[in-house]
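Written out below as structure tokens is the structure these notes cover.
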Amino acid sequence: MGRLVLLWGAAVFLLGGWMALGQGGAAEGVQIQIIYFNLETVQVTWNASKYSRTNLTFHYRFNGDEAYDQCTNYLLQEGHTSGCLLDAEQRDDILYFSIRNGTHPVFTASRWMVYYLKPSSPKHVRFSWHQDAVTVTCSDLSYGDLLYEVQYRSPFDTEWQSKQENTCNVTIEGLDAEKCYSFWVRVKAMEDVYGPDTYPSDWSEVTCWQRGEIRDACAETPTPPKPKLSKFILISSLAILLMVSLLLLSLWKLWRVKKFLIPSVPDPKSIFPGLFEIHQGNFQEWITDTQNVAHLHKMAGAEQESGPEEPLVVQLAKTEAESPRMLDPQTEEKEASGGSLQLPHQPLQGGDVVTIGGFTFVMNDRSYVAL
């Protein structure tokens, strides 16, 4: 049957297109829909906007050599004809039809009826549970080349899951017996046999099952929990933060060590003004030019001089000219015995040591000697 349908389908498509184009002017503004219900009844409906308030008539035949018959079972919409129902049980025929306004053809065409097949909804659907799987069965239809599709979902699923077989014996595995599942079944015609214009059957009634027992309904889908920061993400973030901190600390330590081992070299331009700007780095010319105008640069933070330089005046004179001295008895005895006066020795402190004429002096930065 499948091969025959495909072979005849191509011929009828070309023939139907030629016949429709032959009446192209009359077909303007008319849209049709054909549904072949379970290979039993053909329904042809039309939407003629140009003839919305007109009772159009439908004429048909199943053989190109026969005369047209007029429809006897019209569909009405707002009191006007909008379609026709034809009895065509188990027929693989071409439907020739013409929609007319009185005797004037409005739309004329021919179509292979099985191209618009719509199977009936599955009947006698049964469920057989075994552990974590369920087998769905129903009564097979009298014709073949069909797909039986079972869809199911639990309140925790966001979309329907689907499985289909060539016969109405579909086993679904991997189910959780503690969950409640909703099921429904439908039948579809194979596209490679009947073409792309067929219609799937209506869905069967929804059936709910839990723990192998039928339920009136499944609970509503629970609200998904708010996303929480997982331990892995938290630990990873802390590890990255620690690594970055250690890296920054290492760079700071490296900078400190580099600064300690390799001190910064001062810029000679600030120490020798004019050496490079005026003398082009010639130190001999620079020292000649600046030897009489050298400035004393004090170090920053150096102690300010507290006063003028203190002169240290040394005068060599006779000891007899000195003023009378008061001597104690022990001193007089030592002098009388011819010994010289010995002063206690104390360490010299303060600065540079200068010896002049047997006298020793300690000089600081604010002293000078005048002879």
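Placement of Cβ uses the backbone N, Cα and C atoms for every residue, glycine included.
Since this is a predicted model, take the numbers as computed values, not measurements.
The local packing around Asn47 (N-linked glycosylation site), expressed as other Cβ atoms within 10 Å of its Cβ over all shown chains, amounts to 14. The feature N-linked glycosylation site is assigned by Swiss-Prot to Asn47 (among others), with sequence analysis given as support.
Taking Cβ-Cβ distances under 8 Å and a sequence separation of 6 or more, the neighbours of Asn55 (N-linked glycosylation site) in its chain are His80, Thr81. Residues or ranges marked as N-linked glycosylation site in Swiss-Prot: Asn55 (among others).
Under the three-state DSSP scheme, Asn101 (N-linked glycosylation site) falls in the strand class. The number of other Cβ atoms within 10 Å of the Cβ belonging to Asn101 (N-linked glycosylation site), over all protein chains shown, comes to 16. Swiss-Prot lists Asn101 (among others) with the feature N-linked glycosylation site.
According to Swiss-Prot, the N-linked glycosylation site annotation covers Asn169 (among others), on the basis of sequence analysis. According to DSSP, Asn169 (N-linked glycosylation site) is assigned to a strand segment.
As annotated by Swiss-Prot, region 'Disordered' applies to 322-347.
Under the heading motif 'WSXWS motif', Swiss-Prot lists 200-204. Across all of the motif 'WSXWS motif' (200-204), the predicted model scores a mean pLDDT of 96.
Per Swiss-Prot, motif 'Box 1 motif' is recorded for 261-269.
According to Swiss-Prot, the feature signal peptide maps to 1-22.
Per Swiss-Prot, the feature topological domain 'Cytoplasmic' maps to 253-371; the stated evidence is sequence analysis.
Swiss-Prot lists 232-252 with the feature transmembrane segment.
Other C-beta atoms found within 10 angstroms of the C-beta of Asn169 (N-linked glycosylation site) number 13, with every protein chain shown included. Cα to Cα, Asn47 (N-linked glycosylation site) and Asn169 (N-linked glycosylation site) are separated by 40 Å. Per-class residue totals from DSSP over the motif 'WSXWS motif' (200-204), listed helix then strand then coil: 0 helix, 0 strand, 5 coil.
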